[in-house]
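Enquirer: For H37, the entry in Swiss-Prot reads active site, proton donor, with the evidence type sequence analysis. The ATP binding site annotation in Swiss-Prot covers 30-37, 149-152, 186-189 and rests on sequence analysis. According to Swiss-Prot, the beta-alanine binding site annotation covers Q61, on the basis of sequence analysis. Taken from Swiss-Prot, the feature (R)-pantoate binding site covers Q61, Q155.
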Amino acid sequence: MLIIETLPLLRQQIRRLRMEGKRVALVPTMGNLHDGHMKLVDEAKARADVVVVSIFVNPMQFDRPEDLARYPRTLQEDCEKLNKRKVDLVFAPSVKEIYPNGTETHTYVDVPGLSTMLEGASRPGHFRGVSTIVSKLFNLVQPDIACFGEKDFQQLALIRKMVADMGFDIEIVGVPIMRAKDGLALSSRNGYLTAEQRKIAPGLYKVLSSIADKLQAGERDLDEIIAIAGQELNEKGFRSDDIQIRDADTLLEISENSKRAVILVAAWLGDARLIDNKMVELA
């Protein structure tokens, strides 16, 4: 497994792979890897000849400096996990390598609408940072496919739109959420939970599933469903942050023409902001 930290060396390797006619898959990450990331790697390996995993804690997508400062950096452990998975190449650049003149004056990519709605409304600049770094990685790695987790549902929708709008010749693969046995979606942010909070955390998925059951049973008073869900979260020990029920294909509000709904939930548990989602077919 090659570990590359600079752009010239990365370009050199990508040119070699292209000359050899290899099919390349990219798995972009911020490190602190868990089994959910490994599922992305496995999906990439099944679809390509060569797998490139990027590990970069992107300062442009953090709306709070304290979140950036405390985000776990575990490069050595991450590389050991990826090596066991037989990943071909890890790209782990420094911030200086990606943003030599800082982020303030760096050219950015923005996806209108999707970047400022829902999660984007509560985290200004977050999705602009995501679309900028992902487009930069696409340009550098030139992958045939790229794998992203469905846990970050809005992010996946944003990347799909960016790829379509910008004409990237890349297949975007959404990989289903990986959960612990108790239902909690795997996330790097779960590491912020205390032992006691970890016992409470599966309640998020229980509330999410309760909303899904109501929708599948034909209930359509969305305001009431959301209000009850928020109350249930608070009673379980969470601080409900945002609950949305949207058209899964457009992320707009549910209409009579909507065929699928996505339930998007965000809640604080101690210092961890947990997100999860679930799709529901509408009768």
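Just so you know, the numbers here start at 1 and follow the chain as drawn.
Glycine too: its Cβ is placed from the backbone N, Cα and C atoms.
From a predicted model like this one, the values you see are computed outputs, not experimental measurements.
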Enquirer: If I take the alpha carbons of S188 (ATP binding site) and H37 (active site, proton donor), what is the distance between them in whole Å?
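Expert: It is 10 Å, counting Cα to Cα.
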Enquirer: At the level of the C-alpha atoms, what whole-angstrom distance separates L186 (ATP binding site) and the residue listed as 'beta-alanine binding site'?
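Expert: One finds 20 Å between the Cα atoms of these residues.
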Enquirer: Could you list the residues of the same chain, at least six apart in sequence, whose Cβ is under 8 A from the Cβ of N32 (ATP binding site)?
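Expert: Y71, P72, R73, T74, D78, S188, G191 - these are the non-local Cβ neighbours of N32 (ATP binding site), listed in sequence order.
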Enquirer: Provide, as an integer number of angstrom, the distance between the C-alpha atoms of H37 (active site, proton donor) and K151 (ATP binding site).
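Expert: It is 11 Å, counting Cα to Cα.
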Enquirer: Count the Cβ atoms, other than its own, that fall within 10 Å of the Cβ of G36 (ATP binding site), considering every protein chain shown.
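Expert: Within a 10 Å radius of the Cβ of G36 (ATP binding site) lie 21 other Cβ atoms.
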Enquirer: Within a 10 Å radius of its Cβ, which of these binding-site residues (Q61, Q155, S188) has the fewest neighbouring Cβ atoms?
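Expert: Output over binding-site residues Q61, Q155, S188: least Cβ neighbours within 10 Å is S188.
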